[in-house]
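Quick look at what TrEMBL annotates:
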type	residues	note
DOMAIN	B:12-271	domain 'Heme-copper oxidase subunit III family profile'
TRANSMEM	B:24-44	transmembrane segment
TRANSMEM	B:50-68	transmembrane segment
TRANSMEM	B:89-112	transmembrane segment
TRANSMEM	B:139-158	transmembrane segment
TRANSMEM	B:170-190	transmembrane segment
TRANSMEM	B:202-230	transmembrane segment
TRANSMEM	B:250-270	transmembrane segment
Amino acid sequence: MADEAELRAKLHTFGNDARFPDQNQTHRCFQNYVDYFRCVKAKGEDFAPCKEFWSTYQSLCPVSWVEKWDEERSKGNFPAFDL
Amino acid sequence: MMQKNMKTNLYQSNPFHLVKPSPWPMYLVFGLFGFLLNLTMMMHNITDNYMMLLINVITLIYIGLLWSRDIMGEATYLGEHTSKVSEGLNMGFLLFLMTELMWFFGMFWAYFYSALTPSVEIGEIWPPMSIMPMQATDLPLFNTLMLLMSGATMTYSHHALMARNRFNSMFGLFLTMLLGFLFIICQYFEYYYCSYTLADSVYGSVFFMLTGLHGMHVMTGTLLLCLNFYRLYNYQLTSEKHTGFNTSILLWHFLDVAWLFVYIVCYYWGV
């Protein structure tokens, strides 16, 4: 990603998302991860709103999870549809 | 003095059945422990010796039959089951059904916990990807019909017994046994041709725990019905007093209702 460094600089702790009211934000992390790749698939990498998903999951998800999911996506056994 | 003691042994001043030491509870517990051990070892691939499990099941059924035989003797030939004792047996069985209810409640809880908010590990979708759930309108619907019908034949048999109609009572009970047996056979084929197993994600786990729990109980219920059929055939049940038959009927209707929930949740709602 071109402006990844720029986005990293802008990373901050995200506020409330009413869909995920619990303290445990696992589902929010996963949802944003999935939403990012769906968004990119539908609108392309340069579509600005997609980056919101990207920075959210980058902020919320442990790196090891993201690595695991990336690997699963490349292997084709990621447990969510159309990714 | 000696003679006085002997005379007082001939009667008792209370209506309760003072049971004598019996080996069956202990044997049954050992059998259950072995069953647990073998089942666990088999499911964790520590052993693939199915023969031990089979021997275990046979032993358990055998001990159950021997225990039942003692109780039937106490009831029919020794006259130990006064109305007070029957009340106690009935209450005991109702308490047992309460524990069964809680067991089913727990298994349903597990199902809903996994299905209402599917975890990240299964991609937050239910059923998980590439699980092909059973069709609710296939064999499960047939099973539902059979169980509902067996509830009706059960009532038919019970009312025939109360109306002192031996043939109809035995015929109704036979039909109920047959339907129960057919249900088990259909469940077997359903499991056999199922595309997923107990080990396929949490979906397989909760599905087979719920339907398996119910299926195991239908097997036990059918065995109980067989016992009752034997007793009916041997004139051990009367139109006035048939506590064992009553409790078996309760269990059967309980399983009937439990199946309706299992069917709705596992085959219709959760797919």
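Any Cβ shown, glycine's included, is placed from N, Cα and C.
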Against which stretches of its own chain does the transmembrane segment (B:50-68) lie, if we need a Cβ under 8 Å and a gap of at least six residues from its ends?
22, 24-25, 27-28, 31-32, 34-35, 38-39, 42, 223, 227
Give, as a single whole number between 0 and 100, the mean pLDDT over the domain 'Heme-copper oxidase subunit III family profile' (B:12-271).
94
